[in-house]
Amino acid sequence: MKDKQDTRVVVGMSGGVDSSVAALLLKEQGYDVVGIFMKNWDDTDENGVCTATEDYDDVVRVCNQLDIPYFAVNFEKQYWDKVFTYFLDEYQAGRTPNPDVMCNKEIKFKAFLEHALSLGADYLATGHYAQVRENNGKYEMLRAVDDNKDQTYFLNQLTGDVLEKVMFPLGHMTKQEVREMAKEHDLVTAAKKDSTGICFIGERNFKEFISEYLPAQPGLMKTLDGVEKGRHEGLMYYTIGQRQGLGIGGSGEPWFVVGKNLDENVLYVGQGFHNDKLYSDALIASDVNWINHTPPQSFSCTAKFRYRQPDSDVTVTRMEDGNIHVAFHEAQRAITPGQAVVFYDGDVCLGGGTIDEVIKDENHLDYVG
Amino acid sequence: MERIYLDHAATTPMDPRVVEAMNPIMTNVFGNPSSVHAFGRKARQYLDGARRTMAKSIQADEKEIVFTSGGTEADNLAMIGTAFANRDKGNHIITTVQEHHAALHTAEYLEQQGFDVTYLSVDETGSVNVDELKEALTEETILVSVMYVNNETGVIQPIESIGHVLKDHQAYFHTDAVQAFGLMDIDVKKAGIDLLTASSHKINGPKGIAFLYGASHIKMNALQFGGEQERKRRPGTENVAGVVGFQAAVELAMELKAEKKQMYENFKEQFMKRLSHNGVTYDVNGVLDHTVASIVNISFPGTNVESLLTNFDLEGIAASSGSACTAGSVEPSHVLAAMYGENDERTTNSIRFSFGSFNTEENVMEAANRVAKIVKRLTE
């Protein structure tokens, strides 16, 4: 094991408080810390100022406060090819993609990791809320101590080989502690607002953004019994279980999206939050990744179907085609194709996959038909 | 790890003798050179003395020297100040595609103000073509601005030929000589130069001070308004300590010019020899024989600027590229793009190494070894 001062850690710095504190912690621990800003998306704000320039400026100021070198690297092309293209394809297929999962898999912990290693780094660190633990020569990923901030859901496509070279300095801290530490050290990003939503869309209107890239095809809204309930603006704007933006008036319980038919360009709607059609008892997932070792052919564990959701008990069965069947011990509401399903054994994240099909009573639901 | 500075074209360390010259001014000479009392006169004496040194260094008259805050301001003043003052004579300006942004963006500004601007091209040698200039000249041309030495490639431009072409033309000839001043013999009268920019911090002087030479016959407006300083061409209380430091740097440069030239040429040669010796594949951008002693621009096929510069810095080597890297966006070098085409990989894999007073033969060799190690690692 090298001395800390001879151990180079590249910190992926976004200009936010989390990665700032990650760099601060590593610096305090005595590592040879190098801050690197990643530019993945070219965008300007309403004043014509490049948003990345503003964030990079914060990286520069924090790194100067910490007295560590800082650089930038451009992955716009890789991001476009690997993340944004996937993002558009998924929407076009009527699904709800998770670009953060893809960005972690293809950019941050692949292209960026390779870049860090090419700079002589021993480790790559990020401000993610997750933990790495060595267990008999294997590198496992554990949930963050701050349950509310735990980001293992987005990191489910990482592997043990990658985790061996990764540090998550914030894994044992709460967000509040991170903020307080930033404030104590007077970091310029201490009070900076957390970024929200999908990184390349930022604060903008999602519909406006996506309509720049994909043509919207308005069509009919119907109940599953075929009663017309008005028009939709394009299937890609709607997610299973969504209530907002349907514009269906009248009496009774509110209306929700309960399905899509891509061929006929029809959006199915139904009444009531607990509408029967929103509930399912199993799913099929593809692009399955097991962080360390492939589990038994069938096993029980807990799972998350979306970020920040409490875990649910499931039984996972590996199928011959490499996909998995995930049976829920209790019916689940609004399982969304395109999102990730992530598995846990206690605090250990086992891996995850992409939700492809949703099943109820052994019938496939027309969530995306 | 010893850090080695090979970026003297960006800026240079101050010579200790320059610091020594400035110290008594900062300590004792605080007067305003415009004041009508002994304190002011003392400061004015230093200012006048420095102005004489500047003038002598380029064979000009001291009344033709205007002190400015830097090369950028001098370029702006030369171009904007003369363009508007001579608009009655014509509306056409000629410059080149490979100017420093201080001149290039000024030309673009003048274009927005209604001037017609012709941008001369540059070929693979890194030099502009005098015949192209002749063709571009019209009766309307009032200003020609061509840099003396390109700051990215170090290629020396045909300044005397251009001066000759313009001898009987109304157009003023401005040259940004920031990379030539101090290493090359400059005679503004002989070369037919009407306006010349020179900067202090490129020749081991302090930052924040430069001068614009403007021949006595030229008509030039001020860009800022205030007092009567610098014959009204550049109002504002003079930076006396800076001026004195600049003077010391110019005196040293004039005294040591030949010696330095030889030394830097040797550094350049040894540096490249060592790269070759270490088995590095590279190409020199522009014609090496036509470059200023201090600068060499080298393309490393199969690499990219971002990765090279980051690795160099982490290994203690300071160099730079003409590509502007801001917040992770690499804008390919406009100079290399002009020479080799927008999509040529030289625009994104080239590094400028510039030698100077920081260097010794030993640290240049050590730098070449480190550069070779990195380039080989990145291309293997």
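Every residue, even glycine, has its Cβ placed from backbone N, Cα and C.
Keep in mind that TrEMBL annotations are predicted by a computer and have not been checked by a curator.
Annotated active site, nucleophile per TrEMBL: A:C103, in sequence order. Neighbour density for A:C103 (active site, nucleophile): within 10 A of its CB lie 26 other CB atoms from the protein chains shown.
Residues or ranges marked as active site, cysteine persulfide intermediate in TrEMBL: A:C199. In the three-state DSSP scheme, A:C199 (active site, cysteine persulfide intermediate) is classed as coil. Just so you know, the Cβ of A:C199 (active site, cysteine persulfide intermediate) picks up 17 other Cβ atoms within 10 Å once every protein chain is counted.
Annotation source TrEMBL lists ATP binding site at A:G12, A:M13, A:S14, A:G15, A:G16, A:V17, A:D18, A:S19, A:M38, A:G127. Non-local contacts of A:M38 (ATP binding site) by the CB criterion (under 8 A, 6+ apart in sequence, same chain) comprise A:G12, A:S14, A:A72, A:V73, A:N74, A:F75, A:I107, A:K108, A:F112.
TrEMBL lists A:207-271 with the feature domain 'tRNA-specific 2-thiouridylase MnmA-like central'. Residues of the domain 'tRNA-specific 2-thiouridylase MnmA-like central' (A:207-271) grouped by DSSP class, helix first, strand second and coil last, total 8 helix, 23 strand, 34 coil.
Residues or ranges marked as domain 'tRNA-specific 2-thiouridylase MnmA-like C-terminal' by TrEMBL: A:280-355.
The site 'Interaction with tRNA' annotation in TrEMBL covers A:H128 (among others). Residue environment of A:H128 (site 'Interaction with tRNA') contains 27 other Cβ atoms, counted within 10 Å of its Cβ in all protein chains.
For A:Q339 (site 'Interaction with tRNA'), the same-chain residues 6+ apart in sequence whose C-beta sits under 8 angstroms from its C-beta are A:T96, A:P97, A:N98, A:F305, A:R306, A:T354, A:I355. According to TrEMBL, the site 'Interaction with tRNA' annotation covers A:Q339 (among others).
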From recorded positions A:G16, A:D18, A:C103, the one whose Cα lies nearest A:H128 (site 'Interaction with tRNA'):
A:D18
Three-state secondary structure of A:G16 (ATP binding site) from DSSP?
coil
With an 8 Å cut-off on Cβ-Cβ distance and a minimum sequence separation of at least 6, pull the same-chain contacts of A:G16 (ATP binding site), or say none.
A:D55, A:D58, A:G127, A:T189, A:K192, A:D194, A:S195
Please report the distance from the Cα of A:C103 (active site, nucleophile) to the Cα of A:C199 (active site, cysteine persulfide intermediate), rounded to the nearest angstrom.
10
Cα-to-Cα gap, A:D18 (ATP binding site) vs A:C199 (active site, cysteine persulfide intermediate), nearest whole Å:
15
Could you count the residues of the domain 'tRNA-specific 2-thiouridylase MnmA-like C-terminal' (A:280-355) that DSSP puts in helix, in strand and in coil?
0 helix, 49 strand, 27 coil
So if I draw a 10 Å sphere around the Cβ of A:G12 (ATP binding site), how many other Cβ atoms end up inside it?
24
